[in-house]
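K.L.:
My questions will all concern the structure given below.
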Amino acid sequence: CLQIKWTLSPFVYVLMRWAGMNVLTNERPHVCQSSEEGPTSTSGQPFPWHHMRLPKTVSPLHYDLAIHPNLTTLDFSGVVRIQLEVHRDTSLVILHAKQMQISEALLLAPEGARPLRVLEYPRFHQLALLLDSPLAKGGTYQVLLGFSANLSDSFHGFYKSSYRTSSGEVRVLASTQFEATFARAAFPCFDEPAFKAKFTIQIIREPRHIAISNMPIVKTVELPGGLLEDHFDTTVKMSTYLVAYIVSDFLSVSKTTHRGVKISVYAVPEKIDQTALALDAAVTLLDFYEEYFHIPYPLPKQDLAAIPDFQSGAMENWGLSTYRETALLYDPHKSSPSDKLAVTKVIAHEYAQWFGNLVTMEWWNDLWLNEGFAKFMELISVNVTHPELQVDDVFLGKCFEAMEVDSLPSSHPVSTHVENPVQIQEMFDDVSYDKGACILNMLRDFLTPEAFEIGIIRYLKHFSYQNTVSQHLWESLSNLCSPDHLNKGDRKREEFCSARARHSTASQQWFSDDELDVQAIMDTWTLQEGFPLVTVEVRGREVRLSQERYLKTDDPSLTEGFLWQIPLTYVTSASSTVHRFLLKTKTDVLYLPQEVDWLKFNVDMSGYYMVHYAGDGWNAIIHLLQHNHTVLTSNDRASLIHDVFQLVGVGKVRLDTALDLSLYLSRETETMAVTQGFEELVPLYKLMEKRDMAALENQMKGYIVDLFRGLIDRQNWDDSGSVSERVLRSYLLLFGCVRNYPPCVEKATRLFNEWRASGGHMSLPVDVTMAVFMMGARTPEGWDFLFEKYRTSLQMSVKSRMKVAMAFSPLRDKLAWMLEQSVQGDVMKLQDLPDVVVTVSRNPRGYNLAWDFLRANWHTLIKKFDLGSNIIAYMVTGVTNRYSTTEMLDEVKRFFGSLTEETGSEMRSIQQTYETIQDNIRWMEAHLPELQAWLDKHRPRIV
């Protein structure tokens, strides 16, 4: 039996005094051994709960949290008082705590405070509080826990961050990142999304710092020893992963929305002048979301904080969203249009999470309800508030990225079972975010934007401050005009239903109860992995349709048993009107009013599926693109490029057909189609870079340069034009320089030399800086100059471009040094290490350095970035996804196969890596001779 003497901290006395209670004893009761088999606590005694998930016998109603971080000793202490509601009689309370010392544990009752017996089970991050007498069903009780821990040196929980001023001084701050399962590392709590509660937070700090949290400060109290204690207002009801607080020396700028919500952006003092874009975008976007959701924002303020050390892009903590500096800071003179779009998008994403904060998924299996919806709302909100940024181009690319992962056998359904923290972390991937967004966009197009918006508003209002599953969303989007669901005063829905009744059209037929079952449709997209390939074969006026799973595998049996309800859209040579057809069966036939020269399915890529045009279908498409490509939209052209090359890999289309289609790109000028051309063609030579086949590799590179030579030559080396034109310019000039196209190399090298001669003071056009830096990093002197500018620059977007250029240098000694510096985290931030590793892996002179580095530093990486995180997955797949030999596959398998479950052997990204390399091997074996023959045949035509 374990005996502990309890010494009450000042925190406990404060809270006890507030509660008007006295401590009856300060001795911990004796804990007796039990014969029950099961988990064993740290004390050696049986732990009384056997499950990863918490029991539902009690739930929290309110947390009083007092916390004191010490930024000198880099630790923190605190007390939490939790008000509990009891749902079943119990003598046991199970909650979460991770890597912290519990100094007090008390049950607070009217007759006094009684010590609780405490057992800890670190494997599940659980504490058991044992009571002498049971808590009664229907009652409310309070438990009080004193705790302490070190500030984390990772990017999760309550962690240490730092930055260096321009004078070289290192300043320390403390910030939080609790999603998904890290609130338990900051204070004892019920750390599951369904356990929503209210939080009242107090933070003790030094006068030289400020403290911010989810809610505004209501008062500040002076404490003995010169410390200050900030008291924050009570939050709305929310999950633990949304709690946030920061202690720092940040400065802020503020504005208010139309309805009076105060918006503030916080940053380190020397970067506060880079916050104007974020502040304006935040105000505009919150106004938009209030209008769109028809629900007033429920908090009095919303802060945005740029954290110097931050693993992901941003976090949607309610009232205090946190961001990586590159995701929030923008210099109008140094940042690019892509930077502006990225900052606006990430704010739109985090603000859209108001949807998920208000109505939260019951469990992490439905994470996509938060993240997929937020990714989708980036498209809707930015299109309305910032149409000049042309966000559609980026959104389409995200659907293609999702398909890349979703086409592997190891993919998972959007809604899938997860249990432990590693599995939960793995849910934060392209399937949850990007596929989730793309299927919502498909549903919106199918239902019409008006119906979709009405259904979303209905969902939010009905389930506010509750937890839901996917079914609740589908029910809210169904039967919109049923008399049982029409509420008086819901003017927008009344107007919609009235108009629909008066003007029923073909596009609205899906709303009739006989035709539409939203849940039946969407279950086929959320409860099974993968996506369909629709084969279209035209015979006169008859269009034969069939569906199958698109899957990169050599085992056909893996594609069996899948069926989707697919909202098909199409246009034809005879009609630009978008026609619709719901394909519910494996095969079906539709009939055209007349014979056509061509048809294009999946209009604007609004659906999450690929299309194969059987028979003479692809030849008709190629003929159209070669003679009149602008008949189709840029998105349609991009989707054709994507689909035809992806179909080569599964044997549906010959490689020469796809390459024949690519010839039209010499006349293409639209950003989405051009960039998708690069996305399909560049990987072909990237596979060869890691093999000894320089002749074919250079021939392929030459084809791509010649294909886009005219477009590259027409680019100005300035910052003129629309956002889309400027993004395209930057892309083309960078490609031309990397591929050693002489006019690009000469111009960029000259600009770099002039910039260097000026000491870096000469103003370079923003759109060309990436190409200029890339050329400069090719020499030791240029690399050293770039690094010195990187070290002293305060412009985050400029530093990002310098970092990429240095990591793509041909100088192997510099690459190795850069990798080591990144892991040390002094001059180059540890948060930037994943980008450095992956960029070096894409460098033909550095890919083996990146692979060696990943293996040598594996245990450090999984400690810093956490097992199962998207960052670890990004490095694993990014470093290995262009290998295409059995020798490298064996080497990769030997390393990952040597890991244990505790060090990552069960991660999905490792299986994805194996499958991707196997697919690369199949592609190279099947298509290299065909590629060589096609390039030889077309060489005269493209020179």
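Please read every residue number as a count from 1 along the shown chain.
Glycine is no exception: its Cβ is also placed from the backbone N, Cα and C atoms.
Here the structure is a predicted model, which means the values were calculated and not measured.
As annotated by TrEMBL, domain 'Aminopeptidase N-like N-terminal' applies to 60-242. Here TrEMBL flags 278-480 as domain 'Peptidase M1 membrane alanine aminopeptidase'. For His349, Glu371, the entry in TrEMBL reads Zn(2+) binding site. The active site, proton acceptor annotation in TrEMBL covers Glu350. For Tyr433, the entry in TrEMBL reads site 'Transition state stabilizer'. The domain 'ERAP1-like C-terminal' feature in TrEMBL is assigned to 598-918.
Map these features onto the structure and tell me what's around them.
P.N.:
Residues near His349 (Zn(2+) binding site) in space but far in sequence (CB under 8 A, at least 6 apart, same chain), listed by position: Ala314, Glu316, Ala374, Lys375, Met377, Glu378.
Long-range Cβ proximity for Glu350 (active site, proton acceptor), meaning a same-chain Cβ under 8 A and a gap of 6 or more residues, is found for Leu304, Ala314, Met315, Glu316, Ser321, Tyr323, Ala374.
Proximity of Tyr433 (site 'Transition state stabilizer') to non-local residues of its own chain (separation of 6 or more, Cβ distance below 8 Å) is seen for Trp368, Glu371, Gly372, Lys375, Lys398, Ala402, given in sequence order.
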K.L.:
What is the number of other Cβ atoms found within 10 Å of the Cβ of Glu371 (Zn(2+) binding site)?
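P.N.:
A 10 Å sphere around the Cβ of Glu371 (Zn(2+) binding site) contains 24 other Cβ atoms.
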K.L.:
Average the pLDDT scores across the domain 'Aminopeptidase N-like N-terminal' (60-242) and report the rounded value.
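P.N.:
PLDDT averaged over the stretch: 96.
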